[in-house]
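As recorded in Swiss-Prot, the features of this protein are as follows:
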- 34-41, 113-117, 168-171: GTP binding site (BINDING)
- 25-239: domain 'tr-type G' (DOMAIN)
- 34-41: region 'G1' (REGION)
- 92-96: region 'G2' (REGION)
- 113-116: region 'G3' (REGION)
- 168-171: region 'G4' (REGION)
Amino acid sequence: MNTALAQQIANEGGVEAWMIAQQHKSLLRFLTCGSVDDGKSTLIGRLLHDTRQIYEDQLSSLHNDSKRHGTQGEKLDLALLVDGLQAEREQGITIDVAYRYFSTEKRKFIIADTPGHEQYTRNMATGASTCELAILLIDARKGVLDQTRRHSFISTLLGIKHLVVAINKMDLVDYSEETFTRIREDYLTFAGQLPGNLDIRFVPLSALEGDNVASQSESMPWYSGPTLLEVLETVEIQRVVDAQPMRFPVQYVNRPNLDFRGYAGTLASGRVEVGQRVKVLPSGVESNVARIVTFDGDREEAFAGEAITLVLTDEIDISRGDLLLAADEALPAVQSASVDVVWMAEQPLSPGQSYDIKIAGKKTRARVDGIHYQVDINNLTQREVENLPLNGIGLVDLTFDEPLVLDRYQQNPVTGGLIFIDRLSNVTVGAGMVHEPVSQATAAPSEFSAFELELNALVRRHFPHWGARDLLGDK
């Protein structure tokens, strides 16, 4: 057993007491991102090493792996703790998203180590989608690069409000305060272009040497701020969903016998209590909450993020994908929306194409009406394009086959986040964040049906010699 873990269990008074203490710790999900070879995997390895989360057999294996694949000479290559794929170890880069778990006396953590290469943008977006904080690594020798800007933009696009700019490899610039100050000013100048009210913090460190990672550095007396671990342990996460209105997407209708009918799911935002009047969308039927059933028994109220089963006073028609919200809230269903899209497939996203989409348990079909622009994620400029390529990010107009209840992604990631699914292969080909739902009054009517538009796109793609015109060419 890990000696540090054994000591923690002893201090808590046994395994059972230790497990109870773990359950009551807050959880922080964060990701590390930055340019290639900025030291992301090394930083995570250092956090695991310095918080004594590595077992003795892992440490022994790390010594052997460092001799075979290491890039740090005689020193331990801590990056190998995270780079698990054979291709990653041989190339010395991160390809896939690697998740690691550790805890301290104050908090539990889930780390997503995301790739820095531009061709793995889709992997980074996947890792960022569930995180609350992003650590942006910058090589002190190189300063703010295009990839730094790209990762910052993707993080904020996916709703991350807390950014920790870790200026790494300070040991290679002689722990220069001037270098730290210059990079800090450069990043703040760029950050003015990022959307939202962001919490940005700066920490100078050396992941290889351990300076300012888990303990204060003696080599940088000019820095009096917290270490990276102290920032992670003390940052107060802004949970946007707590302040938002109630949203309860139904994931499953639970009917184990004739006497019980409940609607299971995770409360996406707000709170719900017994006796509350609720409305079911898109039908608009109303009822009252009779019971809130959980694994630990009935509750009088529940809050955002909790998995619950709601029992209503009336027997009404509710199925998977329906949405429950407060009865006095007017939230219209829409059939069109502008959506920020991260495209993840080799086949580009083009106007006229149709895809299956899933959003908050609901599955339907959507047609691409047009592409407003693609974002150049290296300098955040916008340019007109005919299609959205692999790893491209852009603003797209969608029309759905049926009315949907949507929120803006920045307000509610559950009811504002969707995925695109290829209808033939059933593969996820893109991720979308609702930029703005379009009400029926403002949606432009189409003179063509969804079938006609899809057939037109099919003919133009496979039979270009027929010379068929683009029915959406005016968009």
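Keep in mind that glycine also has a Cβ here, set from the backbone N, Cα and C atoms.
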Take the region 'G4' (168-171) and find every residue of the same chain, 6 or more past its ends, with a Cβ under 8 Å from one of its Cβ atoms.
34, 38-39, 43, 137-141, 179-180, 204-209, 211, 219-220
Sort Lys40 (GTP binding site) into helix, strand or coil using the DSSP assignment.
helix
For the region 'G4' (168-171), how many residues does DSSP put in helix, in strand and in coil?
2 helix, 1 strand, 1 coil
Average pLDDT across the region 'G2' (92-96)?
51
Look up Gly34 (GTP binding site) in the DSSP assignment and report helix, strand or coil.
strand
